[in-house]
Amino acid sequence: MEKQGSDIEETLQDAKYKNKCVSFLIKNWFMLATIVGVGVGFGIAFGVRSVQPDSVTITWLTMPGDIYLRVLTLTILPLIASNILVVIATLEPKKNGKISIIGMALVICSNFVGSLIGTACAAIIRPGESFSIYVASSSVTQALSKVLSFFLRSLASAFISILIFGHRLCFCFEATRTAQYRRIGSRILTGDSGSNAPLVGSGLSPSDIFKDMFYNFFPDNIVGVTIYQYRTEIVNYTTNEKVGNSTRSGTNMIGRYIDKYLLFTYMFDFTGVLFCALAFGAAANAVGTVAKPFVNFFEALAATVTKLMSVFLLFTPIGVCFMVVGSLLDRQNIASDFVQLGLFIATVITGLLIYFIIVIIVLWIASRKNPLRLLKYSLEPFLISFATTSP
C-alpha cells in the first residue's frame with residue numbers, strides 16, 4: 001500500500017511538472033516561435049550566402065519580410081487615430097479630467113526622458129560608425145576585447161553625460177524621396193576655384209527643426225496628413241560662374257549656393273494624425289449625443305483594426321525570419337556589421353538601464369516602498385521595449 005501511494009504521488013508530481021511545462025509553452029509560444037524564426041533566418045542567410053546568390057534570389061528572399069512590415073504599417077495609422085479619437089470623445093472632464101491630465105503629463109515626461117536618454121546614448125556610442133573590423137587584419141579575440149572595453153567606457157560616459165549634459169539634443173534625418181519643393185531661402189559662399197574646402201553652416205538649424213515640427217503638427221489637409229509630411233532640406237550645389245564682382249588676381253570665384261527648400265515627403269506624419277484625432281475627438285465630446293454615430297464609427301474601426309493586427313502578428317516568426325535573411329544577404333562585411341550590431345544592442349541596453357535606474361529612484365521617492373517587487377511583472381514590457389529599441 002505504501003509503495004502504491006508513493007507511485008501515485010510520483011505520478012501526480014510528474015503530471016504537475018508536465019502541466020507546468022505545457023502551460024509555459026502555450027503561454028510563451030509566440031516569443032519562442034519568434035526566437036526560433038530568428039535562428040532559422042540566420043541559418044538560411046548563411047547557407048544562401050555560401051552559394052553567392054544573384055539579385056533576383058535576394059529580392060525574393062527579402063520580399064516576405066518587406067510584406068510583413070508593410071501590412072503592419074497598414075494598420076498602425078488607423079489604430080492610433082481611432083483609439084485616440086474614441087478616448088477623447090468619450091472622456092468625462094468632470095470625473096476623469098484630473099486623472100487624464102496627470103496621465104498625459106506622465107506619458108509625455110516618460111517619452112521625453114526616454115528619448116533624451118536614447119539620443120544621448122546613440123550620440124556617445126555611435127553604434128553605426130565606431131568600428132570597421134576586418135577578419136584578415138584582426139583576430140576575433142582582439143575585436144571582442146575592443147568591443148567590451150569600448151562598451152564599458154561608453155556606459156560610464158553615457159551616464160555622466162545624461163546627468164551633466166542632458167539638455168543637449170541631437171537630431172538625425174534620413175534622406176527620402178520628395179514630391180514637391182518650395183524654396184524658402186538661400187545664401188552664397190565663395191571660395192577659390194577648385195577648392196575642396198567643406199561647406200560651412202550647411203546643416204539644419206534649430207529654427208528649421210522646430211518650424212518643421214509646427215508645420216507637421218497643424219496640417220492643412222486631413223487626407224494629406226496620412227500621405228506626406230513637411231521637412232526642410234538643404235540643397236548644396238557648386239557653379240563655376242562668376243559670383244557678383246568677386247575676383248582674385250583676375251580669376252573668377254566658385255559660387256557655392258546653399259538653398260533651403262520646404263518639401264513634403266511621402267511618409268505619413270504621426271504629429272499631424274495626433275492633432276487631428278485630438279481635435280475631432282474633443283469636438284465630438286463637446287457636441288454630445290449628436291456625434292454618437294461618428295464616435296461609433298471609430299469604435300468599430302478600432303475593433304476591426306485591432307482584430308486585423310492580431311491576425312497579422314501571427315505571422316511574426318515568419319516575417320522576422322525573412323527580415324533577418326534579407327538583412328544579412330545585403331551585407332558585405334559581416335564581421336564589421338556584427339560589431340556594429342553588438343554596439344547597437346549595447347546602446348539599447350545602456351539606455352534601458354539608465355532609464356530603469358531613474359524610474360526606480362522616482363518610484364521609491366514617491367511611494368517609499370520597494371519598487372523592485374514590480375520586476376516580476378515587467379518581463380514582457382521589457383522585452384517589448386528592447387525589441388522596439390524604445391527606452
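The first residue you see is number 1, and the count goes up from there.
Placement of Cβ uses the backbone N, Cα and C atoms for every residue, glycine included.
Note that the coordinates shown come from a computational prediction; the quantities given were computed from them, not determined experimentally.
Record features, source TrEMBL:
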TRANSMEM  28-47  transmembrane segment
TRANSMEM  67-89  transmembrane segment
TRANSMEM  101-125  transmembrane segment
TRANSMEM  150-173  transmembrane segment
TRANSMEM  261-288  transmembrane segment
TRANSMEM  308-329  transmembrane segment
TRANSMEM  341-366  transmembrane segment
Recorded stretches the transmembrane segment (67-89) and the transmembrane segment (308-329) touching, at least 3 CB pairs under 8 Å: yes
Stretch contact, the transmembrane segment (341-366) with the transmembrane segment (101-125), Cβ-Cβ under 8 Å, 3+ pairs: yes
